[in-house]
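The domain 'CBS' feature in TrEMBL is assigned to 95-150, 153-209. What TrEMBL lists as NAD(+) binding site is 245, 246, 247, 295, 296, 297. Under the heading NADP(+) binding site, TrEMBL lists 245, 246, 247, 295, 296, 297. Positions annotated as K(+) binding site by TrEMBL: 297, 299, 302. Residues annotated as active site, thioimidate intermediate in TrEMBL: 302.
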Ligand SMILES: NC(=O)C1=CN([C@@H]2O[C@H](COP(=O)(O)OP(=O)(O)OC[C@H]3O[C@@H](n4cnc5c(N)ncnc54)[C@H](OP(=O)(O)O)[C@@H]3O)[C@@H](O)[C@H]2O)C=CC1
Ligand SMILES: Nc1nc2c(ncn2[C@@H]2O[C@H](COP(=O)(O)O)[C@@H](O)[C@H]2O)c(=O)[nH]1
Ligand SMILES: [K+]
């Protein structure tokens, strides 16, 4: 990447401050762009879901990995639970979504409470492991809440074999105007479900899978306690990437934690952070990090910059840290502050191998929280920062009241934020579609067929606030 007219800006910049200039392109189609990462995580998309309790759970992990990204399970989750999540995610089908299963005698009320957990907005009614119908929200309208689902379900859903060609499934569903198809194995047992869009996506994305074909997943450890034991347990559980994570990554505890993790000879990439300087990046890499997590204060839930004045505008932070990591043959993830597809493209242009997203994915069906509605009927989920009073209270729940009170004084995150679901894009895969189309298109504007070429070829200029504003679409006339 280089700056337009080679004019090195005199001050630090964030995503909104910069733009990319189109260049001659020999790439005929946006589908000719390969978005696979080269950082050893095996992700086929440059997307990592941030280790935040309100965002990164097992549903998020299976859904994102099916499309090629990877989710980091937070350090606050007890290790036996993480091990269960890893087992679960690795046992998921790489094409079909995991359905909600109901027995025929469960009630409409139960169906309605569970269906919002899935973007496909339906549940499969199962008897002895075999599907006997599908129930959607539409089937439950104006029905007694205590009615049994077998009374309202569609008893003859589109049913396909687990080895069916997704393109043919797409066409069959289109012809039948069906919302979901149910996949079964040779014995008629339920394997999963597929929407029309899911069938399309199955032809466009490659799942991030390990050597055994299981979906990939990462997990985080903090820098306190017995880091080596926790890391060893996570590796034993089968994580595909280990993330050593703390607010201020350029500190002795982090360097000691990294040395302890490196001593385990992990056969998976180790990511560590957060830092925002060349010096910090070099220190973490020297201590054993394969990937450095970059970003102090850009996160949507983060109050660090307001509390401390510390941090660095994210575009410049990623640019400087990526340059250092690249010199040393390592990688960076751009962590935090990503709110539009353009931010992902700019982070990759600056040299990140992947982009970490938290809050943007909080307002989706796949995040762990319950779907709530405000007084205007808009759907949202509650999110919170990992350094918020709420997260600190969770994290320290086994400590003495005195220690908890002491740690509770250092609050650098929001404890409760409403993340609204975009009615046009309520699922994380809808957001992934949007991001990938933006990034693929950005690559062709730069004449790049891979992310490495994209980083090499991009020309970045600095814009005024009016320049940024000009790029925003207008919903009504001015
Ligand atoms: N990217 C970002 O901008 C930030 C991210 N976060 C996220 O929040 C989560 C919790 O992180 P964290 O607060 O580090 O909690 P941790 O539980 O990881 O503890 C951090 C340790 O570092 C010590 N420490 C020393 N200086 C600092 C400092 N300036 N800020 C924080 N800890 C410090 C703390 O000791 P003591 O408490 O005694 O001081 C504590 O022992 C992580 O997921 C982290 O990524 C948090 C803040 C900023
Ligand atoms: N200073 C804080 N930073 C936090 C907190 N919780 C998470 N984070 C950081 O934000 C990113 C995600 O950024 P987003 O804009 O996509 O939401 C995450 O990976 C952390 O580095 C917090 O409480 N305080
Ligand atoms: K912020």
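Backbone N, Cα and C atoms are what each Cβ position is placed from, and that goes for glycine too.
Where the annotation comes from TrEMBL, it is an automatic prediction and has not been curated.
Structure with TrEMBL features highlighted.
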residue: 245; record: NAD(+) binding site; DSSP class: strand
residue: 295; record: NAD(+) binding site; DSSP class: coil
residue: 302; record: K(+) binding site; DSSP class: strand
Which Cβ among the binding-site residues (297, 299) has the fewest C-beta neighbours inside 10 Å? 297
Same-chain shell around K(+) excluding 297, 299, 302, C-beta within 8 angstroms of the CB centroid, reads 295, 296, 298, 300, 301, 303, 304, 305, 311, 336, 337, 385, 412, 413
Which numbers of helix, strand and coil residues does DSSP report for the domain 'CBS' (95-150)? 15 helix, 19 strand, 22 coil
Rounded to an integer, what is the Cα-Cα distance in Å between residue 246 (NAD(+) binding site) and residue 302 (K(+) binding site)? 13
What is the average pLDDT across the domain 'CBS' (95-150)? 93
Residues within 8 Å of the 245, 246, 247, 295, 296, 297 Cβ centre (excluding the NAD(+) site residues themselves): 248, 249, 273, 274, 275, 293, 302, 304, 335, 336
Long-range Cβ environment of residue 245 (NAD(+) binding site), under 8 Å and at least 6 residues apart: 51, 75, 220, 221, 222, 223, 272, 273, 274, 293
Report the largest Cα to Cα distance, in Å and rounded to a whole number, among the residues 245, 246, 247, 295, 296, 297 that the record lists as binding NAD(+). 14
The domain 'CBS' (153-209) - residue tally per DSSP class, helix then strand then coil: 20 helix, 17 strand, 20 coil
Rounded Cα separation (Å) that holds between residue 299 (K(+) binding site) and residue 247 (NAD(+) binding site): 11
Of 245, 246, 247, 295, 302, binding-site residues neighbouring ligand 3, Cβ under 6 A: 302
Just going by other Cβ atoms within 10 Å, which of the binding-site residues 247, 296, 302 has the emptiest spot? 247
